[in-house]
Every structure is written in structure tokens, then in C-alpha cells.
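Below is one structure; the comments refer to it alone.
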Amino acid sequence: MASDSTATALATIGTVCWCIQLIPQVIRNWYVRDCEGVPPLMFFLFATSGVPFAIYFVDQSANTALMVQPHLFMFFSFVGFWQSLYYPPVSWPFKRCWAVLLLVMAVSAGIEAGCIIPLRRLYNEGTEWPNLIPGIIAAVMLVGGLVPPYIELLKRKGQVLGINFLFLVLDSSGAIFSTASVALEPGKLDILGLVLYIIVLAMEYGIMASHFVWMFRVNYLNLETPADDEMQIHEQLKLESANKPVTKKLRNYVTLHIVVPMRSFMRRCRIRKQCELSELSEVSERLSSDNELLTYSDSRMSANKMEPDKLSIRSLEPTTSSRIPTNL
């Protein structure tokens with residue numbers, strides 16, 4: 001009985017984490033107005049995976065939290081999908097983004113409504129295997145949504161760009177709590193759910209580990225590319241790739257879109273570090289000069305206290321112009 005209540009509590013925590021996991025990413029996209037490194041395919045697969053998840057949980061007559069969670073996940077995924085289409089680097093027109101979003105939402109709602117009714121009737125009659133199909137499809141689509149970020153990692157040599165780490169932490173936390181709840185739940189072990197949670201957790205940790213390795217390589221091993229003039233290289237490669245074979249065009253494309261941006265990023269990091277060091281030196285010099293000024297003023301004040309007030313004595317003496325003549 002205790003293990004049952006513990007499993008329920010852990011499942012509830014995992015469900016809450018998965019309900020709100022995309023909120024930090026959506027806020028980040030809105031704040032910076034840029035989705036570089038956040039592929040639209042990731043949000044599309046996340047949003048569409050909520051449809052078979054909803055079918056799976058609704059047909060099983062699960063608790064309210066499990067039925068609400070896929071729909072909240074779909075909502076925030078659709079918001080992120082719209083942002084990834086509207087903001088750079090995709091930068092589709094406003095109306096086109098809304099048209100695509102409404103079309104995908106309408107198709108998703110139609111598929112969900114069309115599958116819930118017949119599958120639920122079969123499930124109530126005792127035929128459970130058809131309901132496993134939406135669960136398997138949802139698991140594959142959810143794991144597939146984490147593949148596009150790895151493609152972005154390959155483009156940037158392991159750097160995570162655009163993905164909010166709080167989103168990764170919430171997602172991995174939901175997988176951890178859900179795995180613990182499945183392991184502690186009495187009765188038959190849910191192998192499908194356990195495998196799904198472990199795969200999601202491993203892929204989330206892989207993304208975070210890739211960025212930490214990249215930071216270690218850049219900050220501690222100093223593996224930086226030469227700081228050449230990126231704009232000059234960009235224009236030169238554009239001119240050279242006009243009438244070149246396919247292999248040279250591919251090499252120029254890789255240089256333009258991977259090597260040159262990495263050089264530019266490294267140069268910005270180095271300039272930012274130099275600016276921070278110069279600002280720190282200026283602040284320290286300013287503080288030292290202020291301390292010297294305070295020390296000098298304190299010494300002057302102490303010296304004035306020790307000497308007589310000559311100015312007040314001199315002010316009492318009459319001036320030459322104010323003296324009364326004696327030879328009148």
C-alpha cells in the first residue's frame with residue numbers, strides 16, 4: 001500500500017514536470033525573438049506525439065492528470081512550433097505561420113477524435129492490443145523529436161544554441177520521476193513506459209553533456225580556430241562557388257555555414273572576455289584612486305584638528321583699508 005501511494009506521488013510529480021517543461025523554452029524564444037538552434041521539426045514531433053498519447057490515456061480511462069498532460073504538452077509544443085516558424089532563421093510570414101499551425105491543429109484534433117471512439121469501445125470489450133499501437137507511435141515520435149537537436153549539435157561541434165537548459169532539466173526530471181513510479185508500482189511492470197522514459201532521459205543528458213564538453217574544450221583547452229576576417233572569407237567563398245564542382249560547392253557550404261560561424265563566435269567570446277578583464281582593471285584602478293583620495297582627505301582633516309584655526313584669527317584682525325587714521 002505504501003509503495004502504491006509512493007508510485008502515485010512520483011507519477012504526479014513527473015506529470016507536472018512534463019506539463020510545464022516547455023514553458024521556459026517558449027519564454028526564451030519570445031524574449032530573444034530568435035530560434036537559431038531550435039529546429040521546427042522538434043516542436044512538430046512533440047506536438048503531434050501528444051495526439052497518440054492522448055488516445056492511449058483516454059482509451060484506458062486513466063486519471064485526470066494523465067489525460068490533461070498530453071493536451072498541455074501539445075499546447076505549448078504548438079506555441080513553440082509557431083515561434084520556430086515565425087522567428088529567425090526560418091522567418092516565415094505571419095499569416096503563413098498561422099495557416100500552417102491551424103492546419104496541423106485541425107488534423108491533430110480530427111485524428112484524436114476519430115481514433116478515441118472506436119479504440120475505447122474495443123478496450124471496454126476486453127481487446128487491449130489495439131490501444132498499444134498509439135502508445136508505441138507516441139513513444140517513437142517523442143524520441144524522434146529529440147533527434148533534430150543532435151543534428152544542430154553536429155553543426156556546431158557540440159555547442160547547444162537556443163535550447164533552454166531549464167527545459168532540459170524539467171524534461172529529464174519528469175523522466176526520472178516517471179521511471180521511479182513505474183519501478184515502484186505494484187503489479188505488472190509497464191515495459192513500454194519504462195523503455196520510453198529511459199531513452200528520453202539518456203537523450204536529454206546527452207544534449208547537456210555535449211554542451212559541457214564543448215565549454216570545457218573552449219574555455220580550458222583553448223581549442224579555438226584562427227580569428228580571420230569572416231566577412232571577407234564569406235564573400236570570397238561565395239564568388240568561388242559560382243562555377244565549381246559539387247564537392248567543392250559542398251566544402252564551401254560547410255565552410256560558410258559551420259566553420260565561419262564558429263570562428264565568429266570564438267572571436268566574440270574572446271573580445272567579451274577581454275572587455276570584462278579591462279572593465280575589472282578599470283574598476284580596481286578607480287577604487288584604488290578613491291581609497292587614496294579618502295586617505296588623503298582623512299589625513300588633512302586630522303591635521304586641521306591639530307593646528308589652530310588661523311583663518312578665524314586672521315578674520316578678526318582689521319584690514320589696512322578699515323583702520324582709522326591717527327593723524328586727523
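Placement of Cβ uses the backbone N, Cα and C atoms for every residue, glycine included.
Features of the protein shown, as given by TrEMBL:
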COMPBIAS  317-328  compositional bias 'Polar residues'
REGION    305-328  region 'Disordered'
TRANSMEM  7-27  transmembrane segment
TRANSMEM  39-58  transmembrane segment
TRANSMEM  65-86  transmembrane segment
TRANSMEM  98-119  transmembrane segment
TRANSMEM  131-151  transmembrane segment
TRANSMEM  163-184  transmembrane segment
TRANSMEM  191-216  transmembrane segment
*For the transmembrane segment (39-58), name the stretch out of 7-27, 65-86, 98-119, 163-184, 191-216 with the most CB-CB pairs under 8 Å.*
65-86
*Which stretch from 7-27, 163-184, 191-216 shares the most C-beta pairs under 8 Å with the transmembrane segment (131-151)?*
191-216
*Select the range from 65-86, 98-119, 163-184, 191-216 that forms the most Cβ-Cβ pairs under 8 Å with the transmembrane segment (7-27).*
163-184
*Top partner of the transmembrane segment (163-184) among 65-86, 98-119, 191-216 - counted as Cβ pairs under 8 Å*: 191-216
*asked:* Please report, as numbers and ranges, the same-chain residues at least 6 past the borders of the transmembrane segment (65-86) whose CB is under 8 Å from any CB of it.
replied: 12, 15, 18-23, 25-26, 29-30, 35, 38-40, 42-44, 46-47, 50-51, 53-54, 57-58, 92, 94, 96-98, 100-101, 104-105, 108
